[in-house]
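**Student:** From TrEMBL, here are the annotated features:
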- 42-293: domain 'G-protein coupled receptors family 1 profile' (DOMAIN)
- 24-50: transmembrane segment (TRANSMEM)
- 62-88: transmembrane segment (TRANSMEM)
- 100-121: transmembrane segment (TRANSMEM)
- 142-164: transmembrane segment (TRANSMEM)
- 197-222: transmembrane segment (TRANSMEM)
- 243-264: transmembrane segment (TRANSMEM)
- 276-295: transmembrane segment (TRANSMEM)
Amino acid sequence: WEFNGSFYQPSAFLMMGIPGLEALHHWISIPFCALYLIALLGNCMILFIIKTTQSLHEPMYYFLSMLAVTDLGLVLCTLPTTLGIFWFNMRRIGFDACLTQMYFIHILSFIESSVLLAMAFDRFIAISHPLRHPSILTKTTVTKIGLVIILRGMVSLLPIPFLLKRLTYCRKTELSHSFCFHPDIMNLACADIKVNVFYGMIILLSTVGMDFIFIVLSYILIIKTVISLATKEECLKALNTCVSHICAVLVFFVPMIGLSMIHRFGKNVPPLVNTLVAYTYLIIPPALNPIIYSIKSSHIREALLRALRRKTE
């Protein structure tokens, strides 16, 4: 502990694995390793296929590349501490290292939310204004959107580590997860955390909350456009291009909203439920997104098959 008058700050926090199942951590690590491996290989495969296939150099797949890079970042942020606990019971993480991990986890989550919104916008333009789609979403426009998404996440979350460093902490240093999460660290403080709560809520609502609202509005407009199409076959064909994106949105937003609600209002929720929702939020989307897009996107599927044939020849 660092002591300075009445100011206390822990030199480190203790992370938690799966409460009540500590004796089974080695066995539990097997499905986690499988999910991490799927996420790493799957997202790298998506990036490789898009980079090497000229026909996939269009806005929809540029945004998918951004999603894959973001998912890889989330995996690499949580993998060392999660497997460190399961394999070696390495629960200790330095205070500054914890704040750094927390900052990048939240940035990448906000970026993923924004990328999903950009993908919804791309689907809306492609279905509602197909002839104008190439001229609206040019390479330059997509690049600018990507830069704005990154800057938005970095700038909006920049005050969070400093707001946490100014707090006085209690003697309790045990976190609820195998990674660092803003509400989790904040709740260990002995000081007034109203500023942290207010700022965190405002940022969450103005970024992820607004993204979700605009995604829903995009699909309302898409459905309105699809209904106006002449034939049933055209309607189904248009909606089929959105299935992958809808699945990715649900896989990301449902556990994220659940985890946020638990941290703010679920004081009596069992620790095991809190832990499982957190793992679902950070590990399942990076593992499922490549599978969803590989199954539903015929272009990616065909490019993957061509790449596999070239390797076997």
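Cβ from N, Cα, C; glycine included.
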**Student:** Residues sitting near the transmembrane segment (24-50): Cβ under 8 Å, six or more positions beyond its termini, same chain?
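**Tutor:** Residues packing against the transmembrane segment (24-50) from afar: 17-18, 56-57, 61-62, 64-65, 68-69, 71-72, 75, 79, 82-83, 85-87, 89, 279, 283-284, 286-287, 289-291, 293-294, 300, 303-304, 307.
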**Student:** Over the domain 'G-protein coupled receptors family 1 profile' (42-293), what is the model's mean pLDDT?
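**Tutor:** On average, pLDDT over the domain 'G-protein coupled receptors family 1 profile' (42-293) sits at 90.
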